[in-house]
Amino acid sequence: MAVHKEVSFVAYLLIVLGMFLYVDALGCTKECGNLGFGICPRSEGSPTNPICINCCSGYKGCNYYSAFGRFICEGESDPKNPKACPLNCDTNIAYSRCPRSEGKSLIYPTGCTTCCTGYKGCYYFGTNGKFVCEGESDEPKPYMSTA
């Protein structure tokens, strides 16, 4: 019976230790990153406040619509590796809808953001402008007042 209790205790200890290691692996380190800026594709514009963009320079994953709600195109430019696109505005495009719609599109300066603490769906670049990583953390939801 004593052997059974020892095995149970060792198994329990291994499980608890494993949980601590797993939780610790999910945590981000506290040191600051050396990132230059971040780009987070966001929904922009509206039928009454149009944006100046074209399909080539629009972000992949974002859809672009006319003032009447007609789908125009999906963006073609990858923030990690932007295309060389003309600078003209497509006057048919009024607004975009992107998977992430809250917060800033351009994060500069990045402060103490690291790849671990950066938001999923945001792309982070070094001070030399080269792509470093995509963020790994879930973006907090904006606080909604119930009053």
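Even glycines carry a Cβ here, placed using N, Cα and C.
Record source Swiss-Prot places CYS115 in a disulfide bond whose other cysteine, from CYS85, CYS89, CYS133, is CYS133. Annotation in Swiss-Prot places CYS56 in a disulphide bond whose other cysteine, of CYS85, CYS89, CYS98, is CYS85. Among CYS89, CYS98, CYS112, CYS116, the one Swiss-Prot lists as the disulfide partner of CYS52 is CYS89.
Its own atom aside, the Cβ of CYS73 (disulfide bond) has 16 Cβ atoms within 10 angstroms in the protein chains shown. Under the DSSP three-state reduction, CYS85 (disulfide bond) is assigned to coil, being neither helix nor strand.
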